Amino acid sequence: MGAYAPAAGVSARGCLDAAGPWTISRALRPPLPPLCFFLLLLLAAPCARAGGYETCPTVQPNILNVHLVPHTHDDVGWLKTVDQYFYGIKNDIQHAGVQYILDSVISALLADPTRRFIYVEIAFFSRWWHQQTNAMREVVRDLVRQGRLEFANGGWVMNDEAATHYGAIVDQMTLGLRFLEDTFGSDGRPRVAWHIDPFGHSREQASLFAQMGFDGFFFGRLDYQDKRVRMQKLEMEQVWRASASLKPPTADLFTGVLPNGYNPPMNLCWDVLCVDQPVVEDPRSPEYNAKELVDYFLNVATAQGRHYRTNHIVMTMGSDFQYENANMWFKNLDKLIRLVNAQQAKGSSVHVLYSTPACYLWELNKANLTWSVKHDDFFPYADGPHQFWTGYFSSRPALKRYERLSYNFLQVCNQLEALVGLAANVGPYGSGDSAPLNKAMAVLQHHDAVSGTSRQHVADDYARQLAAGWVSCEVLLSNALARLRGFKDHLTFCRQLNISICPLSQTAARFQVIVYNPLGRKVNWMVRLPVSEGVFVVKDPNGRTVPSDVVIYPSSDSQAHPPELLFSASLPALGFSTYSVAQVPRWKPQARAPQPIPRRSWSPALTIENEHIRATFDPDTGLLMEIMNMNQRLLLPVRQTFFWYNASIGDNESDQASGAYIFRPNQQKPLPVSRWAQIRLVKTPLVQEVHQNFSAWCSQVVRLYPGRRHLELEWSVGPIPVGDTWGKEVISRFDTPLETKGRFYTDSNGREILERRRDYRPTWKLNQTEPVAGNYYPVNTRIYITDGKMQLTVLTDRSQGGSSLRDGSLELMVHRRLLKDDERGVSEPLMENGSGAWVRGRHLVLLDTAQAAAAGHRLLAEQEVLAPQVVLAPGGGAAYNLGAPPRTQFSGLRRELPPSVHLLTLASWGPEMLLLRLEHQFAVGEDSGRNLSAPVTLNLRDLFSTFTITRLQETTLVANQLREAASRLKWTTNTGPTPHQTPYQLDPANITLEPMEIRTFLASVQWKEVDG
């Protein structure tokens, strides 16, 4: 988005040529034979990396070198859809056509061998590449080989850092970098991460970049106060130590702040979209301005150089969708470079050159300085005193949930494709493919997609892409399940279970429920299906009857809630169980509809409880009043209810309004949606629920299942009323007496936990001008408060903004509807199709000791992100996979993974090749009671049941370099020398994972015959 505050070896090529042109493939499937792919990785040794830097231009010693970086920033959707941007459609909205930019840039690079250009968004570049002739592809390969066309970052998109989950970040980066590796070999491998537009930067993002093999990271947006301090202290560039668990330098990443965001210096923009004056060097012309521009440039360069530590500085020469007429840019830059460098003969100490981020980084590394170290992150981001970009943490909550559900579904799709092999892609249901959903999910990670900061029609298009990806994966799942089950049924994927709609379960007297568990450990999962009224019998995979309930729910004013069938499914690791459901001919409700509980001051307190938890509700208000952990004998008063902030439309202090990006409430104290809730109670052997109705547009169900150690709070909000002309930003708030000393804790992209302190920044003295918005942080999976003894943790089902604005309090923003744009470029208020959106979601609440809490929230968050997938079938289908007995239960693992180990990725990579990632999901010292923070060792040789691993190669996180061949630039820090890394060894029978470590493997496999 463009609103920025002013302020190859021959052998490798042979493999590529043998494979033919790169084609769109399924599930990261390469066009290269495995042997060629491994050869490419082996050729990518440290010498190849040095060779990449050796293509950098010559610099001048002892004077200021100004590295001009021509670039374009091409949003993968924002004001226009992805296709509209690529083809240049709807230029009345925004003049932008990516295909013309790339055409023009290649032509301009060929005109002068000194010119350089960087490109970032592989979602666009790959599409352009597929439209080129073989001759043009060779031209581009030559430019890449020469280092004149350089890829920075290399992900499918430039992902957001606040609303993204680390698994989806890794997937989208893998997709983009895989394309570059397949297409250009090591020549096209980016050496620098480049996040010039995301609105704040997470520590986990930097850790992931380091583990991907990047040498450095440059970004554009930095809090205005932080930037001022850094410029004064000469800390615009430093080393980011991005993990408290991984041993340095594993997660160390050299990080630089760009001086002008990602724009050119003022008055030096020579794009067709700009109005700055071109360089006129003919002194006879009345428009002659060369001397003035040269003097101006020298002053700008000298001033910038005062804030950086070496005799090298960088200037970004480009911006949003620029270089559609690249000649206009390059012609003026050619003149500027020649004229400025000519001044050296007159004593100037400034040298200007075409460069790239990697070449600039190379010079910084050669300076051999000692750099300061950063340990925290760059949230929240503000570009002015009342302009905190913390609203987008919660914008478009329905899209955020759809993205998270799609990540869940994609992993199920990838796993079954890997477990079954080609039979999942071509089978009785047709051609199944994981690639469309993989690419759609990659697009959704863009910093104007999952962030909720695009225009409405673009958000609709993002959802369309996800839906199309689901269809293709559903075919794949159907083929895989037919192969594994031995049945060909008409499978039904009930996509609207969140609103209790599933036609098959609501109409059929008999049906089957297949529940697939994507986790590497057994799970007990409560299945909830809408049904007709009656009595149902549920049988497990062995034909034994299991307890079940039909719960009849109260009807709200707006819609009827169908009865729901509940039963607990026992699911094997990385596998499925099949349950059969039959309606009993006689009608007898298993639970009567709950009646409203009147509010009387003398009424006893209402409780729901199981063997682990008791939740107590105030009889006068209907609000949650108290939670008790009965195992630990912990009792905590907890008052939970909903409030809303009145969104600012500007005031006397500032005309800044709340919008898609900005959160700015009119006052610090939010208003209650209601001071009490009408409540209804549901109690059956399988579930206890308190239904709370706060208003016509806000309700909640507090739910407790047998055996569970957490409360489930299922909230429903919307459409938010704005008839009073007040925009509203709705929060769920938990108030407790815990003495938290201004501290609370949030996750970073779903992985490590960061401490937050109210009205505080770790690296500068904060002038807090927005006490609410300035204390909001992104919450991807969890937030908690603790007094050191007790800990209250709330897990989310999507990314949200959250905070603790007073001791003992915790809040999460669940929905927003705004009447005014925040003037950051969208030019559209966040109204969600005008009528507003109704959104449903879940918060999972845990109360435990501070010492034991991590074991609970880590494993629960894993299960929330990768929840079981429910598929229905009418039953009685034809036999499939003749020769093998029918199967009602299956596990893809021969043994469960330990609880501290998460199977992050199992996906098809190529013919007889799989991509495997294993992760230690606990941090150092996080759990001592069960020793879950200790290193853990696995044997991969016979771990999987459907295939045998014949060869195992360990790679970097994104699988574009062999780990043994990968090397990164080394940096000296003021914290002293980093430990010497132990020599690399790989033994498939002894794979050890250290806390927070992710290990990535390419496995050559042979699939086994699927039998009983």
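In case you wondered, yes, glycine gets a Cβ from its N, Cα and C as well.
The feature active site, nucleophile is assigned by Swiss-Prot to D197, with similarity to another entry given as support. Sequence annotations record features per position, and here Swiss-Prot assigns Zn(2+) binding site to H73, D75, D197, H447. Summarising the annotation, Swiss-Prot assigns disulfide bond to C56-C359, C269-C274, C413-C473, C494-C502 and lists similarity to another entry as the type of evidence. As annotated by Swiss-Prot, N-linked glycosylation site applies to N368, N498, N646, N652, N693, N767, N833, N931, N990. Summarising the annotation, Swiss-Prot assigns signal peptide to 1-50 and lists similarity to another entry as the type of evidence.
Sequence features annotated in Swiss-Prot and their locations in the structure.
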residue : record                      : DSSP class
C56     : disulfide bond              : coil
H73     : Zn(2+) binding site         : strand
N368    : N-linked glycosylation site : coil
H447    : Zn(2+) binding site         : coil
C473    : disulfide bond              : helix
C494    : disulfide bond              : coil
N646    : N-linked glycosylation site : strand
N693    : N-linked glycosylation site : strand
N767    : N-linked glycosylation site : coil
N931    : N-linked glycosylation site : coil
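Checked against C502 (disulfide bond) by C-alpha proximity, the recorded positions D75, C269, C274, N931 yield D75 as the nearest. Ranking the glycosylation sites N368, N646, N652 by other CB atoms within 10 A of the CB puts N652 at the bottom.
Taking the Cα atom of each, N693 (N-linked glycosylation site) and D197 (active site, nucleophile) are about 41 angstrom apart. Looking at C359, C413, the disulfide-bonded residues in this record, the fewest other C-beta atoms within 10 angstroms of the C-beta turn up around C359. Sequence-distant neighbours of C494 (disulfide bond) (same chain, six or more apart, CB under 8 Å from its CB) are I501, C502, P503, L504, S505, L529, V870, L872, listed in sequence order. C56 (disulfide bond) is surrounded by 20 other CB atoms, counting those within 10 A of its CB over all protein chains shown. Considering only the recorded positions D75, D197, the Cβ with the fewest other Cβ atoms within 10 Å is that of D197. Long-range neighbours of C269 (disulfide bond) (same chain, six or more residues apart, CB within less than 8 Å of its CB): N263, D276, S319. Rounded to a whole number, the C-alpha distance linking N652 (N-linked glycosylation site) with N931 (N-linked glycosylation site) is 56 angstrom.
Within 10 Å of the residue listed as 'active site, nucleophile', judged by CA to CA distance, lie the following recorded positions from the set H73, D75, N368, H447, C473: H73, D75, H447. Most buried of the binding-site residues H73, H447, judged by other Cβ atoms within 10 Å, is H447.
Candidate recorded positions: C274, H447, N498. Nearest to N990 (N-linked glycosylation site) by Cα distance: H447. Looking only at the glycosylation sites N498, N693, N767, N931, the densest Cβ neighbourhood within 10 Å occurs at N693. Looking only at Cα atoms, N931 (N-linked glycosylation site) sits nearest to H447 among the binding-site residues H73, D75, H447.
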